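Input: a single structure, listed below in structure tokens.
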Amino acid sequence: MVDAAVLEKLETGFKKLQESDSKSLLKKYLTQEVFDSLKTKKTPTFGSTLLDVIQSGLENHDSGVGIYAPDAEAYGVFADLFDPIIEDYHGGFKKTDKHPPRDFGDVDSFANLDPAGEYIISTRVRCGRSMQGYPFNPCLTEAQYKEMEEKVSSTLSGLSGELKGDFYPLTGMTKEVQQKLIDDHFLFKEGDRFLQAANACRFWPTGRGIYHNDNKTFLVWCNEEDHLRIISMQMGGDLGQVYRRLVSAVNDIEKRIPFSHDDRLGFLTFCPTNLGTTIRASVHIKVPKLAANKAKLEEVAGKFNLQVRGTRGEHTEAEGGVYDISNKRRMGLTEYQAVKEMNDGIAELIKIEREL
């Protein structure tokens, strides 16, 4: 049974959300009927409740989505809430749909989107992964955080060639190392208020760390929002090079660490916006003429399922006309197709910027 204090919090939070002017997907799909059918449920292994799922959105009425999965089973137990939100966010991925098997496609088919270096400042492709047999952040114990960090650091120390590098645990990090990682824009800070409210930052900084290769073009974040964030990036527009590096790293790590995967939803992570391929391919791009015509920029982005964010990511402004533009859909298509949407959309934006 879900205990009385949790139920009371749920009832109070739900009432406030209903009365708020929140535009979140949580508010849109958490009807009284869905709420009543889910409020007494728990996941079998970790005992996660509906409160664990929705507390971030209950506390932050300005959330875009407002829900997280405390453990992999939550996607099944609370499917009546997750499924419509997933369908809405991922452009029509219905509860009868099945995410296709992993397919990185022909890694040599992407090239440099901006060989002359006129528009694209940097390119990055990342994916999220969860380690099999561990819940997500809110249910992890301090001992599990430590155990996972140990597994991740020993696995990554086996990488060679271009991927060879060092792992820096956040616990006991010296001021110099910290400053160096901040200057390189590598260091993640303790979670924002959305993650804090979802209970994703407990025992901080225990079990968290950062790995980067010697060239600083390959990064792995350990236990920030997801168990693993695998990131390939570099200055300029050479998407082909960035994508190939990511694919070889993911394949290499997967041989050593089994990942949480679901036949219907693909790779499972903490946030429902980040399922399926979990791939986010993005560029920092300077398009001053399109920036002056925001409607046109949004129209082209929409046509290719791209998401336009400010320079520093979500909830930020574009600084000096520089936007962060990425693929929005991560489900119902392959890894290759997700990256291709970004590739084609950016090529089109550059073409239009040239013509304006």
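Cβ atoms here come from the backbone N, Cα and C positions, even for glycine.
In TrEMBL this protein carries:
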type	residues	note
BINDING	122-126, His185, Arg229, 280-284, 309-314	ATP binding site
DOMAIN	6-91	domain 'Phosphagen kinase N-terminal'
DOMAIN	119-356	domain 'Phosphagen kinase C-terminal'
Would you pick out, from the binding-site residues Arg229, Arg309, the residue whose Cβ has the largest number of other Cβ atoms within 10 Å?
Arg229
List of residues, in chain order, with Cβ under 8 A from that of Val125 (ATP binding site) and at least 6 apart:
Ile231, Ser232, Met233, Leu239, Val242, Tyr243, Leu246, Ile279, Arg280, Ala281, Ser282, Val339
Does Ser122 (ATP binding site) have same-chain partners at least 6 apart in sequence with Cβ under 8 Å from its own Cβ, and which are they?
Met233, Gln234, Met235, Gly236, Val283, His284
CB contacts for Ser282 (ATP binding site) [other CB atoms within 10 A, all chains]:
22
According to DSSP, how is the domain 'Phosphagen kinase N-terminal' (6-91) divided among helix, strand and coil residues?
51 helix, 2 strand, 33 coil
